[in-house]
Amino acid sequence: MKAGIVVFPGTNRERDMAHALKLITGHAPRMIWHHETSLGDLDLVVLPGGFSFGDYLRSGAMAAHSPIMAEIRRFAEKGGHILGVCNGFQVLTESHLLPGALLRNAGLRFLSQDCHLKVENATTPYTRGWKSGDVFRAPLAHGDGNYTASPETLQRLEGEGRVAFRYSTASGHVSHDDRHANPNGSALSIAGILSENGRVCGLMPHPENLVDPEIGATDGVPLFKGLVEALVA
Amino acid sequence: MKIRVYVSLKEGVLDPQGKAIGHALNSLGFQGLGEVRVNRVVDLDVPADDSSAAIAKGEAMARALLANEVIEDYSVEVVA
Amino acid sequence: MKIRVYVSLKEGVLDPQGKAIGHALNSLGFQGLGEVRVNRVVDLDVPADDSSAAIAKGEAMARALLANEVIEDYSVEVVA
Amino acid sequence: MTVTIDAKLAQSFGLTGGEYDKLLTIMGRTPSFAELGIFSVMWSEHCSYKSSRVHLKTLPTKAPWVIHGPGENAGVVDIGEGLAAIFKMESHNHPSFIEPYQGAATGVGGILRDVFTMGARPVANLNALRFGDAKHSGTRRVVDGVVRGIGGYGNCVGVPTVGGEVNFHKAYDGNPLVNAMTVGIARKDKIFLSAAAGIGNPVVYVGSKTGRDGIHGATMSSAEFDDKAASKRPTVQVGDPFIEKLLIEACLELMATDAIVAIQDMGAAGLTSSAVEMAGKGGVGIELNLDAVPQREPNMTAYEMMLSESQERMLMVLKPERTEEARRIFEKWELDFAIVGKLTDSGHITVIHNGVTEANIPLAPLADEAPIYNRPMVHAEPPRHISPPADPVGIEHALLTLIGCPDLASRSWIWNQYDGSVGGNTARRPGAADAAIVRVDGTRLGLALTTDCTPRYCQADPKAGGAQAVAEAWRNITATGAKPLAVTDNLNFGNPERPEIMGQFADAIKGMGDACRALDFPVVSGNVSLYNETRSPTGLAQAILPTPAIGALGVIADASKSIGLAMPDNHDLVLVGEIRGELGQSLWLREICHKEEGAPPRIDLVAERHNGDFVRAQIEAGHVAACHDIADGGLMITIAEMVMASGVGCELLAPPHGLPIHAFWYGEDQACYVIATKNAKAMLSAAEKAHVPARKLGHSKGTSLKMADGMSVSASRLREINEAFFPKFMGEGA
Ligand SMILES: Nc1ncnc2c1ncn2[C@@H]1O[C@H](COP(=O)(O)OP(=O)(O)O)[C@@H](O)[C@H]1O
Ligand SMILES: [Mg+2]
């Protein structure tokens with residue numbers, strides 16, 4: 001799988017993502033500076049976590065206007081696969097490649113802790129490594145992860161199976177108003193969503209930080225294994 | 001020309017920060033406050049010949065970057 | 001009575017946000033902007049009989065909580 | 001400027017009459033305003049260490065694995081595989097009281113620069129925090145701002161914050177302590193130093209523009225607080241972690257080339273101290289042209305530019321032929337880059353602004369004749385050891401009280417606001433082990449990192465307290481299986497001009513030095529923060545508790561083999577070390593009997609080393625499933641923390657005869673560990689062979705902590721109480 005990772009000024013989880021991709025796919029991804037204007041030949045573009053442009057103004061807002069984003073938009077239009085994690089998810093909503101927006105966490109504090117994610121739709125390239133209803137652990141680390149969208153958008157996301165991951169308890173219980181189950185207060189406990197064609201995926205937590213048995217656990221591995229299966233076949 | 005771009009959360013979008021501030025003000029003894037909203041203003045000095053040109057520029061900047069129209073409204077005024 | 005408390009960084013205090021936004025606007029093609037500053041407004045509805053009472057309340061709230069007087073200035077106006 | 005430059009003005013700059021006379025002798029004339037400013041910051045306590053230097057010199061700083069000890073921007077130790085760990089701790093106490101968010105944030109920024117300026121990629125941050133009494137009305141504001149500030153900066157630059165410590169005590173009501181530590185990794189043969197060389201080489205300024213930030217911050221942080229503090233407020237500096245992140249990447253990119261001759265961050269006293277130190281260390285002169293300095297505000301004077309403490313700036317000496325290559329790198333990262341001067345053979349620092357020479361000072365006497373004081377000291381008689389007072393409440397009540405008190409309550413509310421996982425190498429996060437474990441990228445090596453100090457012990461007996469802080473840091477690293485390598489420190493004390501404070505300072509250093517020598521644990525970097533006092537309106541000075549915070553680093557060959565404190569089911573619990581029931585200065589005494597008295601626990605450095613080496617050997621041999629040292633709160637708290645970490649309970653045996661029961665469970669005896677092992681018998685016989693005291697404490701099973709007398713508390717109840725304090729204190733109700 002040929003993957004590229006986009007680096008904006010202030011991106012800080014590009015190495016983590018590269019490590020995960022290398023570990024699981026065996027190939028080091030290409031690092032793409034935000035000033036570049038061509039993606040080259042890629043199967044997957046990843047927008048990693050961090051604080052692009054300091055996350056000043058709104059998280060992801062300035063990165064959404066970086067030169068490379070025009071090319072990423074074309075890539076999406078051609079049906080390319082794009083994964084945005086954390087700040088990458090925020091960049092995708094700010095550039096309208098995914099609907100909705102990510103507001104300040106409901107508790108108004110940055111959260112860095114493990115959370116549990118429930119796989120809602122296991123038929124996508126991003127989720128096929130799991131079964132629907134599976135629950136896995138992932139670290140989260142963000143101040144603005146509180147997903148919101150208009151009622152119509154939320155309804156469409158639900159109706160079209162475009163909610164990829166939802167926050168839950170370790171046993172898979174979903175409860176929107178309980179901070180233990182839904183730490184940042186996201187609408188409908190949404191942690192990750194898909195584009196209409198299912199090829200653009202954004203999620204807040206960091207599966208890439210849980211892929212190495214030496215660091216604790218491998219809960220994040222199915223995401224990357226599934227992508228390899230889907231995109232290299 | 002100095003302009004001010006006000007960016008505010010759309011009505012109906014929850015403003016947890018405003019809520020928290022309302023709460024804190026209340027416990028400081030400021031009672032009977034209605035809804036509290038915290039918004040952002042961006043103060044800029046734009047090269048423009050007249051107010052309407054300056055405002056048009058402010059609006060263009062708001063649309064392009066300063067506001068996220070999914071969740072925010074904006075308005076622009078000339079301050080000097 | 002609706003008031004608006006306007007909180008801005010004191011002159012000379014670095015505004016990292018404003019700097020980054022000015023930069024981004026510039027690369028979006030908005031040239032010739034002077035200094036860009038990002039400030040905060042808090043919109044509140046206070047129980048008060050007249051404007052001067054409302055403003056006094058706003059100032060008290062700014063001092064107590066809304067502004068960090070170490071680095072910020074504030075001003076209060078009645079909006080409705 | 002129309003001010004008269006004389007001894008009176010010098011005094012308002014913080015120079016004594018004697019110091020001003022010395023200045024006049026060096027200069028042979030009345031100094032200019034800018035020159036006076038330069039002298040005053042270079043000779044301030046913060047930059048000159050004039051009160052502390054004679055004592056600091058007594059600390060051991062060498063070991064075969066030490067590459068650079070004190071004297072550089074940070075300490076450097078060899079960790080094997082051709083790599084070095086670079087680390088240091090620094091305080092931002094006074095700024096954090098004035099503006100907690102920015103004070104703490106810029107503290108993190110400053111210590112990061114000290115580490116990456118040497119060529120290291122920062123891989124971990126820690127922070128040692130002391131706040132006022134939790135019941136004091138101002139404490140919450142400080143806690144809130146400091147924690148947000150540390151997170152705001154560290155999270156944005158993408159360096160995981162993996163550890164630290166927090167205490168509450170009324171002595172910090174008006175003077176909190178914020179000590180930040182950064183650890184970085186570099187190739188051993190690619191360490192960058194600050195000594196300038198090469199007459200004619202360009203001096204280059206990179207990073208953010210200069211504004212009027214924090215002018216006179218270096219002298220401010222050496223001045224006691226009083227109610228005039230308010231008038232000093234405009235000196236607050238604002239940090240820009242986004243720029244810092246770019247600066248890290250740009251510097252590391254440039255460091256991969258060979259363009260740099262010398263590099264130095266601009267910390268306290270900004271351009272002045274960086275220029276003076278680089279040229280001074282290299283024995284060359286330096287000429288600065290201030291017209292070239294990137295400026296954020298109009299009409300800045302030479303004085304203002306030389307003393308500005310604007311953040312996120314660095315000064316470098318480059319090879320002339322590589323300057324354009326360097327410029328390209330910084331322009332790519334959209335940072336300011338300006339050639340602001342050159343090295344000269346004058347031996348002077350010369351500052352030119354608008355064509356006028358604003359300062360011209362000989363560097364050698366500026367450094368060599370900097371004041372050094374051997375200040376008068378009074379040594380307080382240490383209190384006597386007390387015998388255990390009667391137990392007024394019983395074991396269970398004490399357990400539930402202690403586990404929820406501010407000094408023992410779970411700190412998860414704090415560390416959950418710090419990104420602990422960025423980098424993907426954090427093998428043990430806060431709360432998981434006695435030291436955080438961070439894997440070194442591209443290897444299996446793990447760094448074991450901790451900060452420690454027990455100020456109430458230091459207050460009672462500074463020498464014992466200094467030794468205890470070092471011993472606890474060493475023990476915490478040992479408990480993970482790592483080998484302790486070296487120490488950085490942050491010595492926070494009151495006004496050194498008071499003999500009793502100076503006595504505390506000297507005694508604490510003596511204790512630290514003894515422990516460092518006994519444990520082969522040299523000091524490789526550090527920082528001194530004096531004048532931590534508040535003056536009440538009546539004029540009474542109230543000093544903080546003496547707080548020599550220790551930051552320490554160890555290495556384990558395989559990060560994934562490190563040991564945490566989560567106790568697995570069905571294991572024997574073994575105590576290593578001897579419990580004498582030391583209740584003097586214990587938390588039990590303070591929280592249950594409301595007394596702070598007696599001598600702190602005895603420090604036996606021979607036993608410390610012996611017991612620790614035994615524990616580490618048992619871990620290396622694979623016999624240890626969990627390990628936790630005994631510290632604040634004593635043995636019962638150690639066990640309760642192990643229970644809470646895993647949710648697995650235990651059944652404890654009856655305590656030994658001969659000691660009051662509460663003294664056994666709550667004494668804060670040193671050099672002790674609790675180990676979970678498959679087989680207590682084997683562990684006990686190994687201990688006997690090694691002449692290490694050990695006894696079986698019980699067995700892990702179930703989900704409750706159970707004592708032989710029938711007391712039983714569930715792990716979930718313990719957790720609930722343990723986690724309640726912070727959210728409640730911060731008014732967030734869990
Ligand atoms: N308490 C201490 N113990 C050991 N070394 C110290 C101590 N305090 C300062 N040093 C060393 O003195 C040097 C100067 O320290 P400092 O002025 O804090 O550095 P910086 O200029 O980077 O802020 C550093 O090398 C530091 O490690
Ligand atoms: Mg330094």
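Even glycines carry a Cβ here, placed using N, Cα and C.
For the substrate site, TrEMBL gives D:SER91, D:HIS92, D:ASN93, D:HIS94, D:ARG113, D:GLU309, D:SER310, D:GLN311, D:SER529; the one candidate out of D:GLN237, D:GLN459, D:GLN468, D:GLN585 that the record lists there too is D:GLN237. The candidate list D:ASP6, D:ASP133, D:ASP489, D:ASP569 contains one residue that TrEMBL assigns to the ATP site with D:TYR49, D:LYS88, D:GLY526, namely D:ASP489. Proximity of the recorded positions D:SER91, D:HIS92, D:ASN93, D:ARG113, D:GLY526 to ligand 1, judged by a Cβ distance under 6 angstroms to any of its atoms, singles out D:GLY526 in sequence order. Note on proximity: of the binding-site residues D:TYR49, D:ASP265, D:ASN527, the one nearest D:ASN93 (substrate binding site) is D:ASN527, by Cα distance.
Note: the domain 'PurM-like N-terminal' (D:71-186) comprises 45 helix, 45 strand, 26 coil (DSSP; helix = H, G, I, strand = E, B). Taking a C-beta cut-off of under 8 Å and a sequence gap of six or more, D:SER91 (substrate binding site) has these contacts in its own chain: D:GLY107, D:LEU177, D:VAL178, D:ASN179, D:ALA180, D:ASN490, D:ASN492, D:ASN527, D:SER529. For the recorded ATP site, residues D:TYR49, D:LYS88, D:ASP489, D:GLY526 set the reference point as the centre of their Cβ atoms, and the other residues of that chain within 8 Å of it by Cβ are D:LEU56, D:PRO70, D:MET89, D:GLU90, D:THR488, D:ASN490, D:LEU491, D:VAL523, D:SER525, D:ASN527, D:VAL528.
Spread of the substrate binding residues is 20 Å (greatest Cα-Cα distance among D:SER91, D:HIS92, D:ASN93, D:HIS94, D:ARG113, D:GLN237, D:GLU309, D:SER310, D:GLN311, D:SER529).
Among the recorded positions listed here, namely D:HIS46, D:TYR49, D:ASP489, D:HIS46 has its C-alpha nearest to that of D:HIS92 (active site, proton acceptor). Screening the binding-site residues D:LYS88, D:GLU90, D:SER91, D:ASP114, D:ASP265 for a C-beta under 6 A from any atom of ligand 2 leaves D:ASP114, D:ASP265. The Cβ of D:ARG113 (substrate binding site) has 28 neighbouring Cβ atoms from other residues within 10 Å, across all protein chains displayed. A simple Cβ count within 10 Å picks out one of the recorded positions D:HIS46, D:LYS88, D:HIS92 as the most packed, and that one is D:HIS92. The two recorded residues D:GLU309 (substrate binding site) and D:GLU90 (Mg(2+) 1 binding site) have their Cα atoms spaced 16 Å from each other.
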